[in-house]
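S.K.: Straight from Swiss-Prot, here's the annotation block:
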CARBOHYD  N62  N-linked glycosylation site
CARBOHYD  N85  N-linked glycosylation site
MOD_RES   S466  phosphoserine
REGION    1-23  region 'Disordered'
TRANSMEM  38-58  transmembrane segment
TRANSMEM  93-113  transmembrane segment
TRANSMEM  122-142  transmembrane segment
TRANSMEM  147-167  transmembrane segment
TRANSMEM  181-201  transmembrane segment
TRANSMEM  209-229  transmembrane segment
TRANSMEM  273-293  transmembrane segment
TRANSMEM  311-331  transmembrane segment
TRANSMEM  345-362  transmembrane segment
TRANSMEM  377-397  transmembrane segment
TRANSMEM  405-425  transmembrane segment
TRANSMEM  436-456  transmembrane segment
Amino acid sequence: MDVDGEGDRGQNPRIMERDSDSIKDPISEPSWFTPKKLLFVFCVVNLINYIDRGAIASNGINGSRGSCTSSGTCSSGSGIQGDFNLSNFEDGVLSSAFMVGLLVASPIFASLAKSVNPFRLIGVGLSIWTLAVIGCGLSFDFWSITICRMFVGVGEASFVSLAAPFIDDNAPHDQKSAWLAVFYMCIPTGYAFGYVYGGVVGSVLPWRAAFWGEAILMLPFAVLGFVIKPLHLKGFAPDDTGKPRTDNLNVLPVGYGFSAVMKDLKLLLVDKVYVTNILGYIAYNFVLGAYSYWGPKAGYNIYKMENADMIFGGVTVVCGIVGTLSGGVILDYMDATISNAFKVLSVSTFIGAIFCFAAFCFKSMYAFLALFAVGELLVFATQGPVNFIVLHCVKPSLRPLAMAMSTVSIHIFGDVPSSPLVGVLQDYVNNWRVTSLVLTFVLFPAAAIWSIGIFLNSVDRYNEDSEPDAVTRESTAAPLLQEA
């Protein structure tokens with residue numbers, strides 16, 4: 001019977017049922033790797049990834065160009081911008097270079113998740129990430145560090161499309177938004193720690209040392225990706241062939257993979273709820289991306305903040321933690337539905353935009369910090385709800401690709417163009433206050449787009465049947481995480 005059924009196990013319901021029973025075999029001992037430990041590991045990896053983003057934007061690592069006064073007195077530059085003599089535009093391009101690798105690799109990793117142990121994919125990606133940041137520390141000009149930043153994006157791609165679905169699957173039913181919020185809380189927290197980390201390292205060591213430190217932090221998690229037992233995502237059934245499980249990265253034929261990805265992409269593009277959510281997210285990320293990169297420099301120039309990295313880092317970490325967690329908890333309290341998620345997104349972004357815009361109108365640094373902190377608190381409340389919509393408006397088997405394309409979209413149309421465009425605007429107007437006000441105004445269209453989603457006919461597809469051919473072929477092991 002095993003031989004006869006081996007060729008069509010992805011489509012035979014009896015075999016699928018038998019496979020489901022085998023997963024629950026009591027012989028398989030529960031793993032020490034509990035859902036909370038899984039969340040912890042993903043959070044730390046996410047934190048390190050965004051520490052890197054914050055560090056490269058910090059004044060300590062990014063630095064400034066050399067300058068000369070009208071009297072002929074010249075001062076040498078500092079950091080990356082000073083060593084490589086980068087213009088503001090080139091500096092903005094450097095912040096966005098990771099997106100090239102992320103754009104190319106995200107759909108590939110998402111499609112491979114149907115046939116390859118996803119933790120092996122994460123292990124490969126984090127290994128590439130580690131080598132890439134080492135390369136950043138060894139770079140010698142603009143193009144060498146830019147290419148290394150592109151490979152940082154390749155490494156990140158393996159992680160962004162798979163982490164959130166795993167968390168969503170293993171979180172308690174009434175705490176899904178809160179668990180997602182904890183994970184996405186690591187984005188502003190990582191940026192903030194990155195500002196502080198960059199400022200501290202840049203003040204005592206060469207800027208290159210910051211990248212080598214990041215590589216040391218990430219290396220254990222890259223190794224973990226290769227040695228941990230496999231997890232199975234909802235919507236991807238293990239194909240038990242009776243053969244020993246292999247961890248080799250065997251993939252489906254190229255033609256099949258490409259056609260499957262294109263078919264899935266079409267399903268995403270015609271989903272009004274998904275598209276509306278992503279359009280709002282793009283406008284939102286356009287602002288947040290430029291804030292994160294240019295914020296310390298703008299604060300230093302507008303308000304003469306002597307410790308801009310530390311101040312922005314402190315405000316961002318507190319507001320990021322409180323705001324992100326609050327958004328997830330509020331959505332769970334309201335009843336986590338797609339319509340309610342859109343309500344949280346539109347209201348918090350609109351009110352937050354008012355406070356952030358008003359902050360830049362004040363000349364007092366203390367008034368600015370107070371208003372901007374409230375604005376950031378509200379704006380960061382979006383992280384849990386926006387990703388809840390991405391995960392629940394599509395079928396389970398589409399979630400990795402939905403997350404991948406969400407990440408690609410918000411970067412390629414959001415923070416990738418925003419950093420260099422803000423640099424161009426600043427080069428033109430030479431006034432950081434005006435530049436910051438123009439940038440902040442973009443939050444209002446984001447709130448308006450998300451408000452449209454409240455009135456769409458939204459259906460939570462989390463419990464819809466998965467596609468019969470969505471099979472993780474290389475694993476016969478029981479699920480790593482089991483409900484208590």
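Quick reminder: no glycine exception, Cβ is built from N, Cα and C everywhere.
Are these features on the surface or tucked inside, and what touches them?
M.R.: In the three-state DSSP scheme, N62 (N-linked glycosylation site) is classed as helix.
Annotation note: N85 (N-linked glycosylation site) sits in a coil segment as assigned by DSSP.
Note on the transmembrane segment (38-58): residues 80, 94-95, 126, 129, 133, 149, 152, 156, 159, 163, 166-167, 170-171, 179, 182-199, 201-202, 210-211, 214, 217-218, 221, 224, 231, 292-296, 309, 313, 480-481 of its chain, located 6 or more positions outside it, place their CB under 8 angstroms from a CB of the stretch.
Below 8 angstroms of C-beta separation, residues 56-57, 80, 86, 121, 125, 142, 145-147, 149-158, 160-162, 233, 236, 249, 251, 257, 260-261, 264-265, 293, 400-401, 403-405, 407-408, 411-412, 415-417, 419-420, 472 of the same chain, each at least six residues beyond the ends of the transmembrane segment (93-113), sit close to that stretch.
Packing against the transmembrane segment (181-201) from elsewhere in the chain are residues 39, 42-44, 46-62, 163-164, 167, 207, 209-210, 213, 292, 296, 307, 309-310, 312-317, 319-321, 323-325, 327-329, 376, 380, 383-384, 387: each is 6 or more residues past its ends and has a CB under 8 Å from a CB in it.
For the transmembrane segment (209-229), same-chain residues at least 6 beyond its ends with a Cβ under 8 Å from one of its own Cβ atoms are 31, 33, 41, 44-45, 48, 51-52, 55, 60-61, 119-127, 129-131, 133-134, 136-137, 197-198, 201-202, 247, 477, 480.
For the transmembrane segment (273-293), the list of distant contacts is 53-54, 57, 92, 95, 191, 316, 338, 342, 345-346, 349, 379, 382, 386, 389-390, 393-394, 402, 405-406, 409-411, 413-419, 421-422, 439-440, 442-443, 445-447, 449-450, 452-453, 456, 458: same-chain residues at least six beyond its ends, Cβ to Cβ under 8 Å.
Outside the transmembrane segment (345-362), and at least 6 residues removed from its termini, the chain residues within Cβ reach (under 8 Å) are 280, 284, 302, 327, 368-372, 374-379, 381-382, 385-386, 433, 436-437, 440-441, 443-444, 446-448, 450-451, 453-454.
Residues of the same chain lying 6 or more positions beyond the ends of the transmembrane segment (377-397) and with a Cβ under 8 Å from any Cβ of it are 114, 164-165, 168, 176-178, 180-181, 184-185, 187-188, 233-236, 267-268, 271, 273-274, 277-278, 280-281, 284, 288, 319-320, 322-324, 326-328, 330-331, 336, 338, 341-342, 344-345, 348-349, 351-353, 355-356, 403, 406, 443, 453, 458-462, 464-467, 470.
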S.K.: For the glycosylation sites listed here (N62, N85), which one has the lowest count of neighbouring CB atoms within 10 Å of its own CB?
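M.R.: Lowest Cβ count within 10 Å among the glycosylation sites (N62, N85) is N85.
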S.K.: Do any residues of this chain, six or more beyond the ends of the transmembrane segment (405-425), have a C-beta under 8 angstroms from a C-beta of it, and if so which?
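M.R.: Answer is 87-89, 91-93, 95-96, 99, 102-103, 106-107, 110, 157, 160-161, 265, 268, 278, 281-290, 292-294, 387, 390, 435, 438-439.
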S.K.: Which residues, given as numbers and ranges, are at least 6 beyond the ends of the transmembrane segment (311-331) yet have a Cβ under 8 Å from it?
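M.R.: Residues packing against the transmembrane segment (311-331) from afar: 54, 177-182, 184-185, 187-189, 191-196, 199, 292, 295-296, 299, 305, 340-341, 344, 348, 369, 372-373, 376-385, 388.
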S.K.: Expressed to the nearest Å, what is the distance separating N85 (N-linked glycosylation site) and N62 (N-linked glycosylation site) at their Cα atoms?
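M.R.: Roughly 11 Å, rounded to the nearest whole number.
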